[in-house]
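Per TrEMBL, the features are as follows:
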- 7-26: transmembrane segment (TRANSMEM)
- 76-144: domain 'Copper amine oxidase N2-terminal' (DOMAIN)
- 162-257: domain 'Copper amine oxidase N3-terminal' (DOMAIN)
- 305-707: domain 'Copper amine oxidase catalytic' (DOMAIN)
- Asp376: active site, proton acceptor (ACT_SITE)
- Tyr461: active site, schiff-base intermediate with substrate (ACT_SITE)
- Tyr461: 2',4',5'-topaquinone (MOD_RES)
Amino acid sequence: MNPKLPYVLLVGAAVIIFILSCMLLSRGGRSPSCESQASVVEKTGSVSQSLVFADLTAEEMSQVVRYLRGHLGVPLVEASRANPSDNCIASVDVQVPAKAEVLRFLDGGGARPPREALAVLYFGKQAEPNITEYVVGPLPAPAYHRDVTVHKYGGKVPYHRRPTLAVEYKQIGGFLKSQVFPSAPAFMQQVMEYDGSNLAFVTAAPRGFQSGDRVTWFVVFQNVSGFFVHPVGLEVLVDHSSLDMSQWAVSRVFYNGQYYRDMAQLESAYVQGRLSVEKVRKAPWDGDFSSMKPRAPRAAPFPVQFEPQGPRYSVRGNQVLFQGWSFAFGMSVSTGLRLFDIRHKGERVAYEISVQEALSVYGSNCPGGMSTRYMDGSFGLGRYTSPLVPGLDCPYLATYVDTHSLSDSLRPRKRKASLCIFEHNLASPLRRHYSNLQSLYYGGLVNSALVIRSIATMGNYDYVWDFIFYQNGAIEGKVQATGYPSSSFLHGDGLRYGNRLWEHTLGTIHTQFFNYKVDLDVGGVKNSLVAHDMAFEMTRAPWSPEQQIERPRLTKKVLDTEDQAAFRLQSKMPRYIYFAANSKNKWGHQRGYRIQITSFAGDHIPEASSMERAISWARYQLAVTRRKEEEPTSTSIYNQNDPWTPTVTFADFINNETITNEDLVAWITAGFLHIPHSEDIPNTVTVGNSVGFLLRPYNYYDLDPSIYSHDGVFFTSEQDFTACEINPLACLPKTASCLPNFPPFTYDGFRNM
């Protein structure tokens, strides 16, 4: 034997021991990475069926554009470059088939409805300019188109009602810079310190006082970060009703409380020393007080949520499955997030739940503010859906979904991570009981729910739209408002219309209303509307007749007509109001789903207003009507620019038709009054600015369905509740002691602007 061999083996062993020691030290006792396990997801429905509701793909949108350009016989200009006198495609979206066709396909084994698109076109280059809507199909290879405008609206849609394209705002900006501001050179240079790029403009809407008007106030701000709270006191009323842009003109000018015929008259007053000048301190590029840059250094990271064994839900195409829930989702370019074919335990409870509109009505002593009634669907709640920031807008490990839209362009636009889906542990029990009487036990269930979310940035405001699915069969629709408050220049009696937020900034009072469509199908398509409430009755105590008892009793009423089912905004509404099925549960009660609204709404605009009918849905906190294909939405994108002759008037939906044993739709309005205050600087918080509704099972089941949840916990005093097989919470040190795999942070929000 080689005498050196033992030494070689000894050295080799020492090296191996050293390497292993280094590896152990380098791990530092770190837990292993989390590994996904097979999820417990009940398979209900099919992806193939859900695709009947699916948004258009980018390729389908492109096919529609190619078809229209080749078959309409008129030139179509790229919308991003179109003049008002051109023809262009304003938007392309999916045309959801009629409900009867879909149900025949989903439930009756019928043929799949043809896949179609809805295209909105502006025809400015015609003898009678108009807006036309075409249904184009079948996709993916279009072979036909049909004009549905007259069928939907009773006639052609006048051209002045068209939602304003981005290019029109750009053209108005060019008009202000090249023709309007140069007519007041001294004022613009010395008071505004205008250099051609340091001012920003915000549009008011609607645009005038009568049908046919297209006259818009543009409020001028410093062009800095958070410019919405940097008014400079100047507002310009532009008449852009002519399709010939050379005919555009200034109708009025407002500065610091005074009105002028035009900028030339304002310039004359300034040069002659007759102008009351309130010069605004020039803000730095970051906005100073409006900057959202943190004012504090970083500290320990905030808590994060992770899934130790991977997601317990699945997203397949446009279908989501979670804990007995299934639904299809989509994103309308105008109304935003919407859901279809919502089922629990395999049974459909709702055919459609969708956002309809977001309305804000402002007050001010400045013209732009006092005339503003934004109907955000006209601008596009889906079009302006924001890319989501992982870890802040949604949990870092949420599932992020890209969506596509086609508006203001001939090419579809991909919106990366514009929708997120995640399971959320609300850190509270869904139900629980601790028993220390008679028997000793604890039982409960963690409140873990599925959330689907999108966030729309509508100019200054950001709306966080959530639909939440709970394990007890409840669904919540919720919207949270954040972003910047809108503001006016503080002057005169401005404090009658809000609070002072900064030196020259008036945070203007406004109402926020949000409207939803909820097409419940409880135990089938045919439902009735029932109200339960309470009343006190006086009775004599049977065991002591000389004594009186006041006891609450149940009141019941079937609401037979649409008029009975239309509850005005501030009126008293039955505390329990529900869609009742034609079937009963085990205990003999009609199966139902209850509507419960959370709202702190301000007052609705007076009905005497010339434009109120355009937003008449906001009269009602709840209105239940018969479902009709010709009443698909509570409003129209054309109502914003012509509210005086609304294209769709919701109040006309309510005409006292019977609603007993019919296919019904609930139109729900929630809202709040916002009086901006100093804590809205730099930016409004979501806390306290959240409203919405709940859909809750009411005798729909024989008992709470969450008792069948895999997350349930129960143990008694006589059991070893530290044992994993007895108490799943005792398993957490083992099952959840892993490190989540966080992918690198990405964000595409600044691409393809």
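The backbone N, Cα and C atoms fix where each Cβ goes, glycine too.
Since we're looking at a predicted model, the values are computed, not measured.
On the backbone, the CA of the residue listed as 'active site, schiff-base intermediate with substrate' and the CA of Asp376 (active site, proton acceptor) stand 10 Å apart.
Taking the Cβ of Tyr461 (active site, schiff-base intermediate with substrate) as centre and 10 Å as the limit, one finds 22 other Cβ atoms among all the protein chains shown. Cβ neighbours of the residue listed as 'active site, proton acceptor' (same chain, under 8 Å, six or more residues apart in sequence): Glu357, Ala358, Leu359, Ser360, Ala456, Met458, Tyr463.
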